[in-house]
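S.K.: Feature table excerpt (Swiss-Prot):
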- 2-181: domain 'KARI N-terminal Rossmann' (DOMAIN)
- Tyr25, Gly26, Ser27, Gln28, Arg48, Ser52, Asp82, Glu83, Ser84, Gln85, Gly133: NADP(+) binding site (BINDING)
- His107: active site (ACT_SITE)
- 182-327: domain 'KARI C-terminal knotted' (DOMAIN)
- Asp190, Glu226, Glu230: Mg(2+) 2 binding site (BINDING)
- Asp190, Glu194: Mg(2+) 1 binding site (BINDING)
- Ser251: substrate binding site (BINDING)
Amino acid sequence: MIKKYYESDADLAAVQGKQIAVIGYGSQGRGQALNLRDSGLSVIIGLRPGRSFQQASEDGFEVFPVADAVKKADIIQILLPDESQGAVYKTEIRPYLADKKCLMFSHGFNIHYGQIVPPPNVDVVMVAPKGPGHMVRRTFEEGKGVPALIAIEQDYTGDAQAIALGYAKGIGATRAVVFETTFREETETDLFGEQAVLCGGVTSLIKAGFETLVDAGYAPEMAYLEVLHEMKLIVDMIYEGGFTNMRDSISNTALYGDLTRGPRVIGEDSRIAMEEILEEIQNGEFAREWMLENIVNRPVFTALKRNDEEHLLEEVGAEIRGLMPQFKKNA
């Protein structure tokens, strides 16, 4: 069974008196930094010039160039995009990693795939909230927390686990639960979840359902409402109580269709495709492909993203959301 930690298992003392540098100030960086500060910890921000620099300053943080922040810090939490971390680490972090510093991540991609290879005389840990930065912040302000993962890749000082748990407590994660994992397990399961289910799987399923109805002559608006708009209602019920809760809340007609037709949509061919996707993650093929895509300025990424943004589904969705007061700001 996976090991779990709660408030009583973590001690802020492990990170008190240490200078924490959060490198990056996007959604996750901002949420974590604000929570850490509100927990009484010393936090500075390391950034390259840009809009985030102004935001961090307005939030009351001392903001430094990345290299200067690393020099000042005992704990360096790297919260930059995966594709940017390697280059920034090489030029602005690695030269200033002094003995016994702690290098921290919220995703294992760069460590697991060797884009970042830390020296042996530092701790290397992960604290990965299982929610976006704004949720990390909001739940903290409500006196609750978002669950998180911790992993220890390198324990040079002997204090790596205590530091990871102390940091997790500082962002509010131990108010919920903290699970212990490894960099490998977190990276591979996270990528698989994104690609096969949460992002790639869901969007492809919705798009295929929408196109099937429209191609059969049904109004695009009806297709949108049936395959996308109602998705949140179903997902919320699953989130709150699993499949059983959702199935107890729908009609018997819907449930019979679920049980008898669902496996025809996601059947053996889909399972085979999922296994292939997982293998590409495990053997590093996906990581190499994504790194190469960035080296050549993302031509495939840009084209595919543009195609989906111009899809009829997006046009109809914007129109329908514009008719609903609660969605107008997102239309």
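Every residue gets a Cβ built from N, Cα and C, even glycine.
Fair warning: this is a prediction, and the values are worked out from it, not measured in the lab.
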S.K.: Among all chains shown, work out which of the recorded positions Arg48, His107 has the most CB atoms within 10 A of its CB.
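M.R.: Of the recorded positions Arg48, His107, the most buried by Cβ count within 10 Å is His107.
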S.K.: Determine, from DSSP, whether Glu194 (Mg(2+) 1 binding site) sits in helix, strand or coil.
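M.R.: Glu194 (Mg(2+) 1 binding site) sits in a helix per DSSP.
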S.K.: What Cα-Cα separation, expressed in whole Å, is found between Tyr25 (NADP(+) binding site) and the residue listed as 'substrate binding site'?
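M.R.: For Tyr25 (NADP(+) binding site) versus the residue listed as 'substrate binding site', the Cα atoms are 45 Å apart.
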S.K.: Return only the integer: C-alpha distance in Å from Asp190 (Mg(2+) 2 binding site) to Ser84 (NADP(+) binding site).
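M.R.: Here the two Cα atoms lie 18 Å apart.
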S.K.: Write down the Cα-Cα distance for the residue listed as 'active site' and Ser27 (NADP(+) binding site), rounded and given in Å.
M.R.: 14
S.K.: Based on DSSP, tally up the residues of the domain 'KARI C-terminal knotted' (182-327) by helix, strand and coil.
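M.R.: Secondary-structure breakdown of the domain 'KARI C-terminal knotted' (182-327): 126 helix, 0 strand, 20 coil.
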S.K.: Looking only at Tyr25, Gly26, Ser27, Gln28, Arg48, Ser52, Asp82, Glu83, Ser84, Gln85, Gly133, the residues listed as binding NADP(+), what is the longest Cα to Cα distance in Å?
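M.R.: The two farthest binding residues have Cα atoms 20 Å apart.
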S.K.: Could you round the CA separation between Glu226 (Mg(2+) 2 binding site) and Asp82 (NADP(+) binding site) to a whole angstrom and send it over?
M.R.: 35
S.K.: Hey, of the binding-site residues listed (Asp82, Glu194, Glu230), which one tops the CB count within 10 A?
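M.R.: Of Asp82, Glu194, Glu230, the one with the most crowded Cβ is Asp82.
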S.K.: Cα-Cα separation of the residue listed as 'active site' and Ser251 (substrate binding site), in Å?
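M.R.: The separation of the Cα atoms works out to 40 Å.
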S.K.: Using a 10 angstroms cut-off on Cβ to Cβ distances, just flag whichever of Tyr25, Ser84, Gly133, Glu226, Ser251 is the loneliest among these binding-site residues.
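M.R.: Result for the binding-site residues Tyr25, Ser84, Gly133, Glu226, Ser251: minimum number of other Cβ atoms within 10 Å at Ser251.
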S.K.: Between 0 and 100, where does the mean pLDDT of the domain 'KARI C-terminal knotted' (182-327) sit?
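M.R.: The answer is 97, the mean pLDDT of the model over that range.
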